C-alpha cells in the first residue's frame with residue numbers, strides 16, 4: 001500500500017519572490033506527501049545544481065518549468081510502483097536517472113522536492129510523524145533531541161542591503177531548559193534589539209531571513225547592539241545567551257585577500273583568523289560559520305589550529321553537505337562542524353549520510369534553512385529525527401522562518417520530555 005502511484009511537480013514562489021519547485025507524491029494507500037525545495041543567496045561553488053530555465057521573459061530567467069517538467073515526466077515514470085518506505089531505493093533511482101555529479105540533468109531542486117515528498121508520504125502511510133520516520137531511516141529510532149537554535153537577528157552581507165560585511169549575527173539561548181523557553185528568550189531579545197536600533201535612529205527593516213539590517217559602522221558595532229539588546233531583555237551574555245557568526249567569507253574574498261569593504265579593511269587569511277579570534281576574546285562567540293573562503297584550505301587549517309579547540313567552526317560553502325568533500329576536510333582536520341542543507345546535495349539519503357559521517361568523526365552537524373524559503377518545515381523534523389542538536393532557521397520574524405520554529409514547538413509538545421534540550425552541550429566548542 002506504500003507504492004508510489006503518482007508524482008506531480010509544480011512551480012511555486014519562495015520567500016524572496018522567486019520561483020521554486022514543489023512536488024506531491026501519491027501512494028497506493030491514498031496518502032500524499034508534499035515538499036518544496038529552498039534556494040540560497042550565498043551559494044558554494046560545489047553545490048548541486050539548482051536547475052533554472054534561463055528564459056529572461058519569465059521571472060528574470062529564474063523560472064523552474066524545466067525542473068517541474070522533469071518531475072512530471074522522467075521522475076514520475078521512474079518512480080511509479082516503487083515503495084516509498086524504501087527512501088534509499090527511491091533516491092538512488094533518481095540519482096541514476098540524472099547520472100551527473102552535480103544533478104545538472106534533472107536539477108537538485110527537482111530531485112530534492114520529490115525525495116522529501118516521498119519521505120512525508122511514507123510517514124503518513126505508516127501512521128507516524130515525519131521525525132519518527134527520519135529517525136528510522138537514520139537508524140536512530142527513539143533517540144531524539146530538541147535543537148539549540150541559532151537565531152539570525154542581525155543581517156549583513158548578501159542577506160541585506162547595508163554596509164555590514166559579516167552575513168549573519170546570531171544568538172543562541174544556551175541557558176534555556178527547553179526549546180520552548182529558548183524560543184521565548186530569542187523572541188524577547190529580538191524585540192529588545194528593535195528598540196535599541198530605534199533609539200539610535202537606525203532602520204528596523206529586515207533582511208531575507210528576518211533579522212534586522214541596519215547600517216552600522218562595523219561588524220563590532222553589530223555585536224555591541226546585540227549585547228545591549230540581550231542585557232535590556234534581562235539576560236546575561238555567555239551564560240543565558242551566546243553568539244554565533246556566519247561570515248560567508250567567500251562573498252568578500254578577492255585575489256587572496258579578505259576585503260571588509262564596509263570597514264575599509266583588507267586581511268590575509270592569517271590576519272582575518274586573528275581578527276575573528278579577537279572578536280571571540282571580546283564577545284561570547286562560540287560558533288563561526290564559513291570564517292574563510294571555501295577554496296582557502298590552507299587558511300582554514302590556520303583558523304582551525306587557532307580557534308578549533310574553543311570555537312565551533314562550521315563549514316557551509318566549505319563542505320556543501322557533500323560526503324566526499326567532508327571526508328577530505330575530516331582527513332585534513334579542517335573545521336569541526338558541518339552545516340547541513342538539503343538542497344546543497346539534493347536528496348534526503350545523501351543528507352543523512354553527511355550527518356552520519358560528521359557524527360562518526362566527532363564533528364557537529366547544524367541543520368539549516370536557506371535564505372529563499374517556503375512554508376515547508378521539513379528541516380525541523382530532520383533536526384529532531386537525527387538528534388543533530390542545532391538548527392539555523394532565521395530570525396523570529398517572517399512566516400517562512402517561524403514555520404520551522406512552530407513545528408519544533410509542536411514536536412517538543414508531542415514528545416513530552418522524550419527529546420532533551422541540551423543547550424551549549426550541543427556546540428562543538430571545546
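Every residue, even glycine, has its Cβ placed from backbone N, Cα and C.
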| message | Suppose a student reads Swiss-Prot and sees 167, 341, 370, 371 listed for (2R)-2-phosphoglycerate. Which of 143, 194, 327, 392 should they find annotated at that same site? | response | 392
| remark: Per Swiss-Prot: Mg(2+) is bound by 289, 316, and from 240, 246, 255, 274 the site also lists 246
| said: On a C-alpha basis, identify the one among 209, 246, 289, 316 that is nearest to residue 371 ((2R)-2-phosphoglycerate binding site); the candidates are the recorded positions. | reply: 209
| note | Rounded Cα distance, in Å, between residue 370 ((2R)-2-phosphoglycerate binding site) and residue 289 (Mg(2+) binding site) is 14
| query | Counting distance between Cα atoms, which of the recorded positions 167, 209, 341 is nearest residue 246 (Mg(2+) binding site)? | reply | 167
| Shell of the Mg(2+) site beyond 246, 289, 316, same chain only (C-beta within 8 angstroms of their C-beta centre) | 167, 168, 245, 247, 248, 288, 290, 314, 317, 339, 368, 392
| field | Spatial separation of residue 209 (active site, proton donor) from residue 316 (Mg(2+) binding site) - C-alpha basis, Å | value | 17
| message | For the binding-site residues listed here (167, 371), tell me which residue's CB has the most neighbouring CB atoms inside 10 Å. | response | 167
